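Have a look at the structure below before the remarks.
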Amino acid sequence: MSNTNINVQSSTPKKSLGSSQYSLAGSSSSNLNNINNNNNNNNNNNNNSTGQENSIDDSGSSSFVNFPASEWLSKAMHKHPDILELRERTRPITQVKSYSRNKRSSKTEASHSINDTMLLKLIMQYFHEENLTTSLKKIQEETKVQFTPNEVDKDSLENLLRIGIKDTNWFGPLEDIEDADPEVETYHSYISEDSLNENGLEGEGNLIEDRYDESQISRNPDGTIKAATFNRLLLWLIGNFNGPDVNEFKKIFFLTYPSFTTAEAILNKFTQIYQLFDNIESAQVICFIRFWIEQHPTDFNEKLLAILNNFIEHQVAASHAKQLRAVINLKIENYKEARKEIKDPPEPKVPKNIFSPTLTFDDIDEEEIARQLCCIDFALYELIKPSEFLIKGWTKPQYRNKAVNLLNMMRRFNDFTKWIAASILNEQNSKGRSKLLGRFLKISEHLRANNNFHSLMAIYGGINNTHVFRTKAIRKDLSRQQQETYAELEKLFASENSFRNYRIAYKDAKPPCIPFLGIHLRDLAFVDESNPDRINNLLNLNKRRVIWRVIVNTMRYQPIPYYFLKVHQISLFLTELKTESEQPQLTLDLSSHDTVLPSSPSSK
């Protein structure tokens with residue numbers, strides 16, 4: 001994998017503060033001695049050089065050089081490494097910004113603020129977050145250091161990784177940049193979605209000055225917003241909250257904002273507008289926040305709720321505060337209880353040997369297998385959040401921890417597809433393979449009846465796998481009904497006209513329904529790559545409008561679940577898929593923009 005270096009612009013003029021380079025991992029006594037010697041040498045050099053902080057002239061008096069206020073803290077941290085060390089070590093508690101080297105993921109000025117044990121625990125925290133349980137267990141055995149999941153360690157790990165890692169999954173020190181100051185150069189702020197905030201929107205512009213600046217907004221021929229700055233967009237939305245064309249745009253904004261800013265930044269802007277403008281706009285801010293809570297209650301994690309509650313407690317008028325508290329209690333704390341069952345589930349078809357340790361795939365009824373697959377798949381599908389589609393976690397490894405639910409569903413598809421192909425090939429003879437293929441085709445009929453396109457495509461992909469399809473002898477033993485079922489699968493997932501048949505079937509499906517994510521992710525990748533994020537330095541809102549339509553279409557069936565009873569033994573059997581063969585499998589590619597889809601038989 002090639003590494004991509006991203007130039008991080010300094011917020012202060014580049015000014016060399018010395019040449020010492022301290023390693024996070026190098027906390028041995030010899031290294032500390034070298035660090036102290038380097039500091040002494042640097043201090044001597046600074047005192048003997050012209051134009052430094054101070055110098056002593058022939059008369060014995062001291063002269064001072066005026067530095068910009070933005071450099072005062074940098075100078076203080078350089079002169080007092082003991083204070084810097086304390087600052088770094090208490091950062092997870094104080095939440096202050098971190099003083100770190102530009103573009104150096106493994107180096108900081110506080111050389112001994114992290115010891116070997118802390119470093120090991122951070123590595124273990126990474127293994128834990130990535131579900132690398134085997135590696136985590138092994139490192140504990142080798143080092144004799146026990147690991148307990150800790151949210152503070154998690155925050156520390158994220159902060160350290162964000163220092164140098166942008167568009168790369170390389171965890172070693174990045175190469176030096178010729179024009180980069182080797183010393184502490186800038187002040188980094190790590191907000192919750194720092195890696196997504198590449199547009200620098202949080203401090204963009206002045207709300208009062210931007211209020212009527214038409215140069216910051218561009219419109220389509222029909223009058224809808226085409227592009228705008230962050231400030232101008234928010235002001236337009238609030239000023240036109242009850243307008244006829246704003247209802248859809250509010251939905252677009254709150255579903256796509258993670259692609260260009262953060263929830264904290266939006267709430268911060270709302271508080272500023274509430275304080276700066278008149279009562280009418282203040283009331284509209286409250287309406288906007290209510291709309292946000294009602295439509296996207298899951299956006300409000302503990303951190304954002306704390307900010308919102310502080311805003312309500314100290315700045316909002318009593319009447320407005322009452323409205324917001326009511327909607328918070330109703331929507332955020334009780335939203336999981338809003339879904340109610342509307343019908344009784346069918347009686348499960350349980351085999352007689354359900355509790356037997358020798359339970360096999362052949363013992364389970366095809367319809368019940370399809371039902372349990374629906375339960376398994378929907379449990380993954382309903383957890384996916386809109387923001388997971390926006391950060392492209394399926395194509396960028398460094399964002400995978402932000403798209404956990406989406407990736408879980410993709411991995412489920414990969415594992416199930418591989419299991420199907422390997423199960424057929426593991427049969428000893430052609431007759432056994434044909435029989436198993438027939439069972440999978442029967443299951444696919446029930447999946448299609450229940451609109452589970454996720455597992456349906458996995459079955460089609462598994463039996464259409466190159467190695468399975470080459471064994472044409474297994475197809476000649478299929479019944480006419482089974483061959484017709486296979487032909488229907490081919491037709492449904494044919495790639496002609498951009499998977500037109502699937503799109504029609506998905507559009508017309510009556511809920512409950514589960515989409516095949518591969519096609520929808522391909523749509524998102526196409527929209528993202530073929531449209532710029534900005535037009536003349538304005539946010540491209542036409543692009544967000546198209547992205548919103550794709551995401552809403554993908555998530556449209558989340559509110560309505562399947563009402564099948566879960567049979568634990570069958571569900572466990574279908575979840576813990578085990579194969580004896582490691583045949584090449586069809587996958588939703590987690591590392592590229594293109595989704596791998598089955599080929600038609602005619603292309604083989």
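Residue 1 is the first one shown; counting continues down the chain.
Placed from the backbone N, Cα and C atoms, the Cβ positions cover glycine too.
Sequence annotations record features per position, and here Swiss-Prot assigns compositional bias 'Polar residues' to 1-26 (among others).
Feature annotation from Swiss-Prot assigns compositional bias 'Low complexity' to 27-49.
According to Swiss-Prot, the compositional bias 'Polar residues' annotation covers 50-61 (among others).
Marked as domain 'LisH' by Swiss-Prot: 115-147.
Averaged over the domain 'N-terminal Ras-GEF' (221-335), the predicted model has a pLDDT of 78. Among the features that Swiss-Prot reports, domain 'N-terminal Ras-GEF' is placed at 221-335, with the record citing sequence analysis.
Here Swiss-Prot flags 365-591 as domain 'Ras-GEF', drawing on sequence analysis.
The region 'Disordered' annotation in Swiss-Prot covers 1-61.
Note: the domain 'LisH' (115-147) comprises 25 helix, 0 strand, 8 coil (DSSP; helix = H, G, I, strand = E, B). Secondary structure of the domain 'N-terminal Ras-GEF' (221-335), assigned with DSSP and counted as helix (H, G, I), strand (E, B) and coil, comes to 87 helix, 4 strand, 24 coil.
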